[in-house]
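Working notes for the structure below.
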Amino acid sequence: MLKIIIPTIMLLPTALLSPKNLIWTNTTTHSLLIAAISLQWLHPTYFPHKNLSQWAGVDQISAPLLVLSCWLLPLMLMASQNHLQQEPMVRKRIFITTLITIQPFIILAFSATEVILFYISFEATLIPTLILITRWGNQPERLSAGIYLLFYTLISSLPLLVTLLHLHTQTGTLHLPTLELMHPSLTLSWTGTLSGLALLMTFMVKAPLYGLHLWLPKAHVEAPIAGSMLLAALLLKLGGYGIMRVTMLMGPLTSYLCFPFMTLALWGALMTSSICLRQTDLKSLIAYSSVSHMGLVIAASMIQTDWSFSGAMILMISHGLTSSMLFCLANTNYERTHSRILLLTRGLQPLLPLMSTWWLLANLTNMALPPTTNLMAELTIMTALFNWSMPTIILTGLATLLTASYTLFMLLMTQRGTSPSYITSIPNSNTREHLLMTLHILPMLLLMLKPELISGTI
């Protein structure tokens, strides 16, 4: 565990002390090395916990998410290079430092076996994210987006802290492996039900559940590219991971509490997909598609079968890579046309032919084309939900249909059609952007060959 966390913390002096012509090279190379070392966590084992210490341990649910979070740091650094070109050196260093500070907290949150440590690191990721959005966003509305993010997260997570302290007085420990072996302490009393609600609600806001999702499109639209990638690929997954962990501890209570959450999650998947069909803003469209995908993850983690957990796990990883790639593509368009409105950025295929190949690949994975892991995850989740209750197939089927339609809408709007008259000359796509897209799509293509690495079943 420490052999990843200590090099990640040592990235801070690297960013602060590198000479100004080498700062991007040094930080990106160093973080890529850390990402390469983190791949060892995917090594299959027969033990439930790998590297178990008193405060952290990697098991089959957290390993893929940990590798994803290590993998995305170099990609975020690479994506941010262009829009920081004009900034003075000090600001570049502060930006890179902010990005690097989030990383140890995310790693701790995914690997903590002590629930209070998980809570602390879960909350600590909020502060650098807030700094990223409110300082490096593009528009004045970024302040209101930051306030939304802050208050949604804080109001929902204070009851969680109270409940954790209450649980600690009842059971005497908050160590996850120990808690899983004990009898569930939450009963069907009023206290138990409210505690269960408090435990779930934090992660439902973070995931986000439809109805509690209003902070997400705002935050995504206003955030810089690194902030969007971070939110879509990692912070939403903290919510899904938390639900998986907490439902295991709640025992019989989940089977009573799951109905309102399941209803909202599945209905939300349908509603946000149809909202996507009438979006004018590209980043907002991708943000709403994240809500609809995470709705499936919430629904799957609430019914707690092996199949549904496996499907939720695969969907979280593949959605993390896909949505991050889509945000990068949207950003390349934004840097060239300085607009996110779909009507003003049409017909880019003849202007940027290679980029349209990446657009096609990203959109096909987003709408779950057959060999991809996205399809495997959606099928697994739909089967598990159908087994739980037959009518869910109507909602999930419609959601899949709408997902395919808004993804094709996004592809056709950005790539086809006549390009607007004001786009006369446009800078070519460069190697950095192609490398960035390759590093997003390569893990997805490789995971098609061996999806059991991320299915949480090893």
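Just so you know, glycine gets a Cβ as well, placed from its N, Cα and C.
These features come from TrEMBL:
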type	residues	note
SIGNAL	1-17	signal peptide
DOMAIN	1-109	domain 'NADH:ubiquinone oxidoreductase chain 4 N-terminal'
TRANSMEM	21-41	transmembrane segment
TRANSMEM	61-80	transmembrane segment
TRANSMEM	92-110	transmembrane segment
DOMAIN	112-402	domain 'NADH:quinone oxidoreductase/Mrp antiporter transmembrane'
TRANSMEM	116-133	transmembrane segment
TRANSMEM	145-167	transmembrane segment
TRANSMEM	187-209	transmembrane segment
TRANSMEM	221-241	transmembrane segment
TRANSMEM	253-273	transmembrane segment
TRANSMEM	285-303	transmembrane segment
TRANSMEM	309-330	transmembrane segment
TRANSMEM	389-413	transmembrane segment
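The stretch with the most CB contacts under 8 Å to the transmembrane segment (221-241), chosen from 21-41, 61-80, 92-110, 187-209, 253-273, is 61-80.
DSSP places the residues of the domain 'NADH:ubiquinone oxidoreductase chain 4 N-terminal' (1-109) in helix, strand and coil in these numbers: 79 helix, 5 strand, 25 coil. Residues of the same chain lying 6 or more positions beyond the ends of the transmembrane segment (309-330) and with a Cβ under 8 Å from any Cβ of it are 61, 64-65, 68, 72, 75, 79, 220, 225, 228-229, 232-234, 237, 240-241, 244, 282-283, 286, 289-290, 293-294, 296-297, 300-301, 340, 355, 358-359, 362-363, 365-366, 372-374, 376-381, 383-384, 433, 436-437, 440-441, 443-444, 447, 451, 454-457. The transmembrane segment (145-167) makes contact with the transmembrane segment (116-133): 3 or more of their CB pairs lie within 8 A, with pairs spaced 6 or more apart in sequence.
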